[in-house]
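This report refers to the structure that appears directly beneath it.
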Amino acid sequence: MKIELCEKRKAIIAQQGHLLVLGGPGSGKTTIALFKAQKRFADLKPGQEILFLSFSRAAIRQVLLRCKEILTPAERRTVTVQTYHAFCMEMLEAHGRLLGGKPIRFLYPGDERLQKSAFEGDWSVERRRQAAEMGLYSFDLFAAGTAELFERCGALRDLIADRFPMIIVDEFQDTDDNQWRIVQALSGVTDVFCLADPEQRIFDYRDDIDPRRLEILRETTKVSEFDLGGENHRSPNAGILKFADAVLRNQAPLPATPDVKQVAYWPNAFAATAHAAVIWTFSVLRKKGVTNPSVAVLSRSNALISDLSTILSEPHTYNNQPLPVIEHDVVWDAELSAAAALVVASILEWPTSPANESLVRTLRLICAYYKLKNAEDPTKAAADHARKYDEAAGKVEKGEAPRINAAKALVTAHANGIDLIGEPVADWKAARTVLQDVPALAELFREVRLVRLFRATDALASGLGEQWLALGSYAGVSDLVKRILEQERLIAVERDPQGCVLMNMHKSKGKEFDGVVLVEGAFKSGFFNEREKPPFEPSRRLLRVGLTRARALVTIVRPQNARPLVD
Ligand SMILES: Nc1ncnc2c1ncn2[C@@H]1O[C@H](COP(=O)(O)OP(=O)(O)OP(=O)(O)O)[C@@H](O)[C@H]1O
């Protein structure tokens, strides 16, 4: 793509040393950073690269798309685009031994949460101990460990600077304390190019993300600053950005624009209205001439995203019009789904071991699911469930009848037998149905349905298929499923946004779609977090991020009596 460079952009490209480029959504921050990288390309020595650090795989995907538009294949090969996580993991793996003299091992999130829930005491202290004494790093310690490496080891800093003479830091306003330590340590030896939009600061509920991050940069580092301001190249007629800015600043009246449509629903018509809004958004985009439009359906919480995924997977009727099922992807936190999938895997194993043994394993995995849930988001309900399933497993182990209904239902289901035919997809569904048929396990069923969303289904199907071919049963598949899901979650590379994709608003950060459907729930997942004080500034920043992901059209779906977007 041919992009004309204005004087300001030419000045950015010509400027030496550290840079800070500010700009609103779609102002072209990523784009100018890649032009700058292109300029540096000519001076790179063999083996040198430009490092582009970002937060999420979603954002990385977006940067890679931009790279394709701007850079030649040879240039692209010299730009390494990585999440902080991946970068830090690589650093710890390669150099972490310098910290405590031991090779580094990693504690994966699922295992960490289980360890955490079993640990009595302060887990944050314990995991730091594990890192320091055993070289065992949980994901949350990757950045801290890497920062320490860079701060303590000048030779390593020089080595990194020699490999990366320029480091681009995306979404700088959201850099947490440890990521900032990394940037700061490297800024002594290499050029740092920070991209930021203070108004896209949506993680400031976290203690380690300092709202003063930009000022701290200015105070500590000699940095040349440029502001692309409110330029907007994403949705060129500016209606969406103006609307989003009015929501951000709580400025009435909302500007009228054909690019933002608001739809209200009565609670009993939620499913049909949300479904119709997505279909309508696709159809308007096509009428606008967008071929193969990408549409993101966004809400505040994963719980509502899960409901919306189910809604779009079923036919509905709206104003007497039938609404077809919409194929979609979901960007998802996969840990609970993986835990629920292990329960299904254990059900596949039922025919291969004695009744008690099989049931105990299934009940313990259900208990593990609730422990994980409780470790993630402690609630009395989750803790009670974990305890009850554990008790039920204990009873069955002793040959006694369990007390809770769900466990009794599982005993009956086991006695009735499960028909497995060696056809992995059908067998997986049959095992899943066992959960669906027990009302108390509906939550696990919902979670496990989402396994398809992290695209492990192909790997699972072939793994299960091979197991059946080898043994004529699914003996031992729990371990296999665990391994596959762990792997898939780590290597999952998100694809280009195409078609319909569902995610929470935080996850949409840095992404771009032709259309966005923003959905507010009637009883959960409100746009405005009631724990904030009016005018709900953090919620407004988040809404602006969601709104400005759209290039051409936003549809907002809200309950009839919702709080006005501006007042
Ligand atoms: N100078 C320019 N002229 C024309 N189009 C541009 C220019 N800069 C960027 N664009 C286009 O505008 C869109 C947004 O650009 P980009 O992703 O670089 O913005 P951004 O500031 O990084 O956005 P965000 O902060 O929302 O992630 C892209 O489609 C890009 O190709």
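Including glycine, each Cβ sits where the backbone N, Cα and C put it.
What TrEMBL records for 2-236 is domain 'UvrD-like helicase ATP-binding'. For GLY23, GLY24, PRO25, GLY26, SER27, GLY28, LYS29, THR30, the entry in TrEMBL reads ATP binding site.
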### Query
Highest CB neighbour count within 10 A among the binding-site residues SER27, THR30?
THR30
### Query
So around the ATP site, GLY23, GLY24, PRO25, GLY26, SER27, GLY28, LYS29, THR30 aside, which residues have their CB within 8 A of the centroid of those CB atoms?
THR31, ASP197, LEU228, GLU231, ASN232, HIS233, ARG234
### Tertiary neighbours of PRO25 (ATP binding site) (same chain, Cβ under 8 Å, six or more apart)
ASP197, GLN200, ASN232, ARG234, LEU241, ALA244, ARG544, VAL545, THR548, ARG549
### Message
I'd like the number of other C-beta atoms within 10 A of the C-beta of GLY23 (ATP binding site), please.
### Response
21
### Query
Quick one: mean pLDDT on the domain 'UvrD-like helicase ATP-binding' (2-236)?
90
## Note on the structure
Cβ contacts within 10 Å for GLY24 (ATP binding site), all chains included, total 24
### binding-site residues (GLY26, GLY28), the one with most neighbouring Cβ atoms at 10 Å
GLY26
### Task
Measure from the Cβ of LYS29 (ATP binding site) and count the other Cβ atoms within 10 Å, all protein chains considered.
25
### Summary
Simplified DSSP label at LYS29 (ATP binding site) comes out helix
